[in-house]
Amino acid sequence: MNHSDTLSLSLELLQQPSVTPIDHTCQTIMADRLAKVGFHIEPMRFGDVDNLWARRGTEGPVFCFAGHTDVVPTGRLDAWNSDPFAPEIRDGKLYGRGSADMKTALAAMVVASERFVAKHPNHKGSIAFLITSDEEGPAVNGTVKVIETLEKRNEKITWCLVGEPSSTHKLGDIVKNGRRGSLNAVLKVQGKQGHVAYPHLARNPIHEASPALAELCQTVWDNGNEYFPATSFQISNIHAGTGATNVIPGALEVTFNFRYSTEVTAEQLKQRVHEILDKHGLQYEIVWNLSGLPFLTPVGELVNAAQTAILNVTGTETELSTSGGTSDGRFIAPTGAQVLELGVLNATIHQINEHVDVHDLDPLTDIYEQILENLLA
């Protein structure tokens, strides 16, 4: 079976067990290909994380492909139909950890760039790659550190295409032109431990906090807007008690998350939470962690270039969306760059038997190449 350039490179990347934060030579494989077509290669290692900044050209505007070589753990190996790091093609589908999220997109980016440079050796501006091995993990020493380095030397990205798996039913049907913000909190409510038979001598933090938690769950934080759904509040963990049936717990710990729109700020959400907790007279402390600001790329050069390319290659009228979790786009957008996410179908990401349709890989490459044509030819 003759494999296309994109499929061959995908297979090579998928053989690397690059579980966060281990890159396992994926970036070297990509860098070697890019160096051959004139990219300046700059590895950036921070802590235990490998990052790659590769650039062809010295002038603006700068078009940047962004993505990650790391993958999530496999889960139970005996639940997979084949070795997750020995990629297999079965019934037209390519199986392997990272096949959808997002090594096939990385391969498509490299091949698209090779083809574009061959046709346009003196293209306008610059093409760049920003690749990390820590997107699925803490994301502390990855993209954010590369962006900080670029900012210090005033190296600006004009347009950024992140290869996250954005498609839902068919290739290119959804492009992410923004993401909601993500605000996490750990709430600790203090009570007084005691015997369940003597509740008057204790204070049950579960009982005291329950009305406040119910109110938080029922609160309408905003109604969203044309780009973003309404802000969502979700409790992810609750813990209290010693495990004994006859002890009133002395404290309650609750972890919750906001996925929020541009209609509110993180500070406004914090203030409203404190108002509700204070109204219920709780003795509490709360630790906040803002893991991502919301961002939005309005219709403009990058959106138009992507929509035109998708329509030309697949015949699909693409839809703009801001749904889903956070991505590394949240670190790139604050620099002023236009950011889009466009990749393969996301139906099996992080799952056992993760896979992607082989017949989507060459069209994705064509889309990426045509976006380059639309912006830099």
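A Cβ is built for glycine as well, from the same backbone N, Cα and C atoms used for every other residue.
What you see is a predicted model, and the numbers here were worked out from it, not measured in a lab.
For H68 (Zn(2+) 1 binding site), the same-chain residues 6+ apart in sequence whose C-beta sits under 8 angstroms from its C-beta are M102, I131, T132, S133, D134, E135, E136, G142, T143, D328. Feature annotation from Swiss-Prot assigns Zn(2+) 1 binding site to H68, D101, E164; the stated evidence is sequence analysis.
Counting every protein chain shown, the number of other Cβ atoms lying within 10 Å of the Cβ of D70 (active site) is 27. Following the DSSP three-state reduction, the secondary structure of D70 (active site) is coil. Residues or ranges marked as active site by Swiss-Prot on the basis of sequence analysis: D70.
A simple way to gauge crowding: the CB of E136 (Zn(2+) 2 binding site) has 21 other CB atoms within 10 angstroms, across all the protein chains here. Secondary structure at E136 (Zn(2+) 2 binding site), taken from DSSP and collapsed to helix, strand or coil, is coil. Taken from Swiss-Prot, the feature Zn(2+) 2 binding site applies to D101, E136, H350, supported by sequence analysis.
For E135, the entry in Swiss-Prot reads active site, proton acceptor, with the evidence type sequence analysis.
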Residues flanking the Zn(2+) 1 site, with Cβ no more than 8 Å from the Cβ centroid of H68, D101, E164 and excluding those residues themselves: G67, M102, A105, E135, E136, V162, G163, P165, S327, G343, I349
Cα separation, D70 (active site) to E164 (Zn(2+) 1 binding site) (Å, whole number): 12
Sorted by sequence, non-D101, E136, H350 residues with Cβ within 8 Å of centre, Zn(2+) 2: V71, V72, G98, M102, I349
